[in-house]
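Since the structure comes first, as structure tokens, the remarks are kept for the end.
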Amino acid sequence: MAHLKEDKKLKFHIFVAGSVAFIAALTLPNAVAAPIKSTDNCPNEKIEIFLNQVGYETPSNKSAVVSSKSTSPLKWTLKDGSGESTLSGETIVLGLDKLSGLHTHRISFSSLKTEGKDYTLETCGETSEVFKIASNPFNSLSEEALRFFYQMRSGTPILEAYTSTPEYSRPAGHPSSNLTCFNGLDRTKKNWDGCDYSLDVTGGWYDAGDYGKYVVNGGISLWTLQNAYERMSILGGANNLGWSASRVPLPEEHKGWSPLLSETRWEMEFLLKMQLPEGYQTQAPLGLQNVAKGKKLEISQIDGGGLAHHKVHEDQWLGLPISPNDSNEQRYLYPVSTAATLNLAATASQCARIWKKIDAAFSNKCLNAAKKAYTAAKAYPDIYAYDLFDGGGPYADSDLSDEFAWAAFELFSTTGNTEYIQELKDTPGRDWLSRYKNEKLNGLYWASTDILPLLTILISVEHFGLNDRKTASEAILKIADSYLFESNNNSFLIPVSHSEFDWGSNGALLNKAMILAYAGEITENSKYRNAVIDIMNYLLGNNPLSQSYIAGFGSNPAKNMHHRFWAAAADDQYPYTAPGSVSGGPNVNSAIDEVAQELLKSCKQAPITCWVDDIKAYSLNEVAINWNAPLVWVTSYLETSRGYASTN
């Protein structure tokens, strides 16, 4: 890798040094359609108006979707809070939307730049939900999205002073987690003998609707929040960009840290505790093994020093509802895995960079752990997790080439030691190098970190040269342009195809929004930023269910998400879903709970509608840290990138 140490403050928009001029602007296909004569004769049908129920940015694109069978444009009016008409026009006929099965029109009102509350759109006698136009409509949403993580903390009381409202406070869940390894029978009746050690793994975040704690899913979530902080650091610093300690008060506020730092440190310290000290012996399955049809794993006794345990949870699923402080079932460490170890290596390397000038001792602790983890992963590159234990999710991943590349690039970025990159070809990371070379990187989610090395190249500039950043930038732009193309193929302007509605589809969209945001930073082209806003519009109500998927925001927000404490739908002694929580979203590919299975009978041909606000629908409506982390990233990006906000 080339070095360019003098270029530490290089801004995003010159990463590609003019090399992006060849990328053609993508034009909305409906914008160039032949004009159709409008009609005052409204169709004899129920018309619906779908829009962002929270608000639109003053300078940016603003649009809504209308469901109507009319093949001619419809007249519309936009009214302010006093009922006065401020703008009018005609809908753009879009036609059949394949994701929803609806015949649709679009209302574009981007020309309105007057801030205000209680705006409404009207067409054919139908009135939309109210919305606002503001310079920063996502301000409180970004705060609640981050507060979600405080309210998911394990091992500490959740205090009223730091919660959204008093009902979210509670006693500490699992305040003393000195745990040993699982012993007993797995699903194949294989007996695990346990281990002769225990680890204090108190702390961290609960993962989702359950009280498990997982290094893999914790890793991608932690990286995303730390990356949000790193991005702010090169743009002037979190404190200067509105993310000082007082923005989201937390127990660590007196230390003067940004709330992003306080929250990420809480999880980082837990991940460090999941690492085995040198000299510890442990049991692990080596090599990819076939466990189909009840075949038992072959387990080896190995020197586990540097490896990380995969997860912590009970040996049976907990009932619902239950507060974590009332959960007294035995919890265990589950076997070490290479994936968990590489997640630790990557996030601890990132931690070392971030904390170097804030807390040198903690920075060194993170770096030492990262180095040991990477060394251990190279020694045992094929310890996989399997879906063999009850009580928690498996987070099983049989392709670790992306995790090897991710960890190697994070370590190089922190240390400048080129051996991490040069030796990647001698690890499973060689397959990542091939995908990168052939422009076949996979999308971003907990089991696929292909794109993360590129984002690290762009944001951590000390040891990467201009050529490195140019190549990474061009790769990101190509991916982002594919998302733009995808967005323009449906009425709701989201980068998703008919077959992509899977578990956590809303989280997947937010991860795509991060990539689009990076493309915006690289080019300062508003089309990418507006595509990010289109995704937020969808999540906040511009969808065929007229549903805000973010609790506490919009006129029709989800409130019954699958969670064992935020469980008012099951028992009114518990609170509803905490504000700022994002629901998993429509799912046709892995809708496994009974509610989702029943819904699937009627919605499969319109996958964007396969969702319901039901606490029992965990494959559609759960919360998860890896979905809320990109929500924090995206909303904080929109706050801090308004310099190039404009209509396309």
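Cβ from N, Cα, C; glycine included.
All annotation found in TrEMBL is predicted automatically rather than curated by experts.
Per TrEMBL, the feature signal peptide maps to 1-33. For 48-128, the entry in TrEMBL reads domain 'Cellulase Ig-like'. Residues or ranges marked as domain 'Glycoside hydrolase family 9' in TrEMBL: 139-634. According to TrEMBL, the active site annotation covers Asp613, Glu622.
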Other C-beta atoms within 10 angstroms of the C-beta of Glu622 (active site) total 23
Between Glu622 (active site) and Asp613 (active site), find the distance joining the two CA atoms and give it rounded to the nearest Å. 10
Same chain, 6+ residues apart, C-beta under 8 Å of the C-beta of Asp613 (active site), given in sequence order: Gln547, Ala558, Lys559, Asn560, Met561, Ser583, Asn621
